[in-house]
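J.: Found this in TrEMBL, in case it helps:
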type	residues	note
TRANSMEM	6-26	transmembrane segment
TRANSMEM	47-66	transmembrane segment
TRANSMEM	72-88	transmembrane segment
TRANSMEM	100-122	transmembrane segment
TRANSMEM	128-146	transmembrane segment
BINDING	Asn151, Asp211	Mg(2+) binding site
TRANSMEM	158-176	transmembrane segment
TRANSMEM	182-200	transmembrane segment
TRANSMEM	207-228	transmembrane segment
TRANSMEM	234-255	transmembrane segment
TRANSMEM	288-307	transmembrane segment
TRANSMEM	313-338	transmembrane segment
Amino acid sequence: MNMLLAAPTGIFIFSLLLTWGLVHSAGFSLAHPNERSLHVHPTPRTGGLAILIALVLGCALLWSQLSGINDLHWIFNATLLIALISFIDDCHPLSPVVRFPIHFMAAALLLGGADLWVLALPLPGLEWVFPGWLSLLFSLLFVVWMTNLYNFMDGMNGFAAGMAVFGFGGLALLGALAGDSVFALLNSLIVAACLGFLVFNFDPARIFMGDVGASLLGFLAAALSLWGSQLSLFPLWVALLLFSPFIVDATVTLLRRGWRKQKVWQAHRTHYYQRLVQAGWGHKKTSLYAYALMAFCLLCALFAMLTPVNWHGLWLVFILVFYTSLLLFLETIAAPFAD
């Protein structure tokens with residue numbers, strides 16, 4: 001328990017100081033305002049480096065506890081590949097033709113090396129086992145989509161870092177409840193690194209995490225959700241519930257844009273959170289309400305783990321009704337959906 005407190009505390013302080021240094025250093029990678037963005041001033045987008053370096057330091061200090069776990073070697077290596085291509089993209093924007101093959105390569109490295117393939121439909125009460133080819137396809141698409149949707153959703157002050165705090169914080173709690181201290185500690189380190197960054201990223205943001213931070217967190221969300229599920233710490237759908245505020249907004253928006261024959265790979269301002277900001281809510285109010293939703297999802301995930309397995313199908317019904325009602329309500333208060 002001492003390690004669960006001491007290590008994250010140290011990483012939080014390190015991330016805080018490193019982010020402060022990046023804020024005050026000459027910005028070699030700036031996010032400039034454009035018609036698709038929600039910010040109005042050029043802002044450094046190197047904050048993801050603080051998250052990455054803090055995580056690497058934390059894992060290095062705890063390597064004696066982590067090095068014997070083979071799955072973690074694959075998770076670390078694949079994550080570093082994502083971080084590398086994303087950092088290059090921050091410095092010199094890359095086309096999707098270059099990025100996506102690397103994302104799929106990292107996903108294949110993760111899934112094949114750690115054997116984290118999704119073998120069945122990850123929904124409660126729907127026990128459909130995938131044939132081999134569909135397991136391969138679904139698993140790859142899941143990891144790549146989580147990596148990219150997190151990047152898509154990183155467009156508002158304090159939003160992506162807040163999702164990381166609640167999402168990985170939930171994974172840490174689930175790991176602790178299941179008695180897996182290593183899993184809990186690893187997720188706690190991610191939370192600590194993101195909290196140090198969040199101090200300078202909450203509205204008014206003085207630094208952004210950039211692709212290196214957003215893609216890193218999205219990839220880790222997929223990797224650790226799959227790993228925790230493989231370790232039987234929780235069903236995969238419970239982990240997806242933790243990150244559902246991002247998953248639902250990004251997926252529904254993508255499908256909607258596709259239905260309207262809009263270019264789904266282009267940057268835009270039609271996510272629900274962006275439309276709320278445009279409707280006059282502003283970054284701070286929208287982020288705080290989003291945090292409330294994230295906290296609600298975390299509590300639902302914890303309560304779901306305390307209910308009998310044969311009740312989990314009812315959780316699926318509740319979640320579907322809840323999000324359908326929420327999205328219908330948001331349509332009445334958000335700015336119109338347009339490109």
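Glycine residues also receive a Cβ, built from the backbone N, Cα and C atoms like all the rest.
Predicted automatically and left uncurated, TrEMBL annotations should be read as such.
What's the neighbourhood like for each of these?
T.: If you look at the transmembrane segment (47-66), the same-chain residues 6 or more away from its ends with a CB under 8 A from one of its CBs are 3, 7-8, 10-11, 14-15, 18-19, 22, 72, 76, 83, 86-87, 90, 182, 185-186, 189-190, 192-194, 196-197, 200-201, 207-214, 216-217.
Counting same-chain residues at least six beyond the ends of the transmembrane segment (72-88), those with a Cβ under 8 angstroms from any Cβ of the stretch are 48-49, 52, 59, 66, 94, 99, 102-103, 105-107, 109-110, 113-114, 147, 186, 210-212, 214-216, 219-220, 223-224, 227.
For the transmembrane segment (100-122), same-chain residues at least 6 beyond its ends with a Cβ under 8 Å from one of its own Cβ atoms are 70-71, 73-75, 77-79, 81-82, 85, 128-130, 135-136, 138-140, 142-144, 147-148, 215, 219, 223, 226-227, 229-230, 235-237, 240.
Residues 100, 103-104, 106-108, 110-111, 116-121, 218-219, 221-223, 226, 243, 247, 251 of the same chain lie 6+ residues outside the transmembrane segment (128-146) yet bring a C-beta within less than 8 angstroms of a C-beta in it.
DSSP assigns Asp211 (Mg(2+) binding site) to a helical segment in the three-state reduction.
Same-chain neighbours of the transmembrane segment (234-255): 118, 122-124, 145-146, 149-150, 152-153, 163, 166-167, 170-171, 174, 178, 221, 224-226, 228, 264, 270-273, 290, 293-294, 297-298, 300-301, 304-305, 312, 316, 319, 323, 327, counting only residues six or more beyond its ends whose CB sits under 8 Å from a CB of the stretch.
Counting only same-chain residues 6+ beyond the ends of the transmembrane segment (313-338), those with a CB under 8 A from a CB of the stretch are 123-126, 237, 241, 244, 248, 252, 256, 270, 272, 275-276, 278-279, 293, 300, 304, 307.
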J.: Which residues, sitting 6 or more apart from Asn151 (Mg(2+) binding site) on the same chain, put a CB under 8 Å from its CB?
T.: Asp211, Ala214, Ser215, Gly218
J.: For the transmembrane segment (288-307), could you work out the same-chain residues 6 or more beyond its ends whose Cβ comes under 8 Å from its Cβ atoms?
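T.: Result: 159, 162-163, 166-167, 169-170, 173-174, 177, 234, 238-239, 241-242, 244-245, 273, 276, 281, 315, 318-319, 326.
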J.: How many other Cβ atoms sit within 10 Å of the Cβ of Asp211 (Mg(2+) binding site)?
T.: 27
J.: Which sequence-distant residues neighbour the transmembrane segment (158-176)? Criterion: at least 6 residues beyond either end, Cβ under 8 Å.
T.: 4, 150, 182-185, 187-188, 190-191, 194-195, 197-198, 201-203, 205, 209, 213-214, 217, 220-221, 224-225, 228, 233-234, 238-239, 242-243, 245-246, 273, 283-284, 286-287, 290-291, 294-295, 297-298, 301-302, 305
